[in-house]
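Peer 1: Submitted below is the structure of interest, expressed as structure tokens.
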Amino acid sequence: MIERLKIAKNRLEAMNSFNFPAQDRHERAPLLGSEYDHSMARQLSLLNVVGMTKSVLMSSYFNLMLVFVPIGLIAGWFEWNAKSVFILNMLAIIPLASLLSFATEQLSIISGPTLGALLNASFGNAIELIVGVLALKRGELRIVQSSLLGSILSNLLLVFGMCLVTTGIRREITTFNITVAQTMIAMLALSTATILIPATFHYSLPDNANSENALLHVSRGTAVIVLIVYVLLLVFQLKTHKHVCHDPSEVEEETEPRILGLRSSIAMLAIVTVFVSLCADYLVGSIDQLVEEVNISKTFVGLVILPVVGNAAEHVTAIVVSYRGQMDLALGVAIGSSIQIALFLAPFLVIVGWIISQPLTLYFESLETVILFVSVFLVNYLIQDGATHWLEGVQLLALYAIVVLAFFYYPQ
């Protein structure tokens, strides 16, 4: 037994003389390596998050305005005066809208062309949807209607007019897809009809409770029909006539580089939506006191201020692509957005109001109805030949200026 112990001792001394690690050190070596690997993985993950955050923040100059997000939330939480709450949260929504568009674009790149186009169509007017739902919950039906109409007019007249002027700076005549233009003309006509018919129906009935109830039923029935048409429009654009409605060269040239993964895009979309909802809630909640302090009408706030601010990032995009000569893209952003609001967002909010017992209708005041009809008529006339120039853009901008002037003096 003693001899065996001596032999084992000699072997251990021999191993140590050749710098072989002892058994206990050998067993600890993999554990130390594992801890090192985990530490490196955490550092790489942190660097990856920092890199993605930097890329997201540098994706648009509008992100410099993100500083207004916490300030706007603080102003709303501590109930500052209405003007401060409204202005700060209005400024906060601008970069949030840009981030929402960025997250949607990243998700669409991952999802593929068809599903990506559907995502862009669904989230294209997310700001108007969020503001509309929050205003609807508060019973601010006038804000909902005026913001919908204002978004349509700002896209048709202001944005499309600026696109025509911008592209006219570099080109004498600009052409675009005549098939897409004709389809949009038909959809704009249907959009106008969904507002003209309820207005005419209202004026043809006596002013009593039964008439209001009948108008509500007509609006809700119209909303269901129009939503079906909108779904069929998506099928037309994304499936059956995809080759006609989309220019592959323009889509390829305008595709953004992929920065975020699937989970990162979804997480960013969810987080930004939450912040938009918070800022929009404070924004809508301050309107009643704001119109009393500043002495302007709710119609002007909803029809002019909210649409321009909420779509600022999208408006800039349309102007930039039109300057590059990509008028089909500009047409899709400007007029396509108006069609989406009229055929999807407005009827969808009517259905939401139906569900939560808010009597939102598609009936607009006579001045608003006439202005929409004139605007759609002018745009239809300008795009029906598939070519345009800068003077036509000036005409659209002039009409928008007249509309703003009229609603500035519109009584409360």
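The backbone N, Cα and C atoms fix where each Cβ goes, glycine too.
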Peer 1: Based on Swiss-Prot, are N81 and S211 on matching sides of the membrane?
Peer 2: yes
Peer 1: Tell me, please, if the transmembrane segment (149-169) and the transmembrane segment (300-320) are in contact, taking contact as 3+ Cβ pairs under 8 Å between residues separated by 6 or more positions?
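Peer 2: Yes; at least 3 Cβ pairs under 8 Å.
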Peer 1: Tally Cβ pairs under 8 Å between the transmembrane segment (390-410) and each listed stretch (84-104, 265-285, 300-320, 335-355, 359-379), then give the stretch with the top tally.
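Peer 2: So the stretch in question is 359-379.
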Peer 1: Same chain only, please: residues at least 6 beyond the ends of the topological domain 'Lumenal' (136-148) with a C-beta under 8 Å from a C-beta of the stretch. Say none if there are none.
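Peer 2: Residues packing against the topological domain 'Lumenal' (136-148) from afar: 128, 284-285, 287, 298-299, 301-303, 306-307, 341, 345-346, 349, 352-353, 356, 358-360, 364, 368.
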Peer 1: Under 8 Å for C-beta pairs, could you tell me which stretch among 56-76, 300-320, 335-355 has the largest tally with the transmembrane segment (216-236)?
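Peer 2: The stretch with the most close Cβ contacts to the transmembrane segment (216-236) is 335-355.
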Peer 1: Would you mind listing the long-range same-chain contacts of the transmembrane segment (335-355), meaning Cβ under 8 Å and 6+ residues beyond its ends?
Peer 2: 121, 124-125, 128-129, 132-133, 136, 141, 144, 148, 151-152, 155-156, 159-160, 184, 187-188, 190-192, 194-195, 219-220, 222-224, 226-227, 229-230, 233, 311, 314, 361-362, 379, 383
Peer 1: Residues sitting near the topological domain 'Cytoplasmic' (321-334): Cβ under 8 Å, six or more positions beyond its termini, same chain?
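Peer 2: The answer is 155-156, 159-160, 162-164, 166-167, 169-171, 174-177, 180-181, 184, 247, 250, 253-254, 314, 383, 388.
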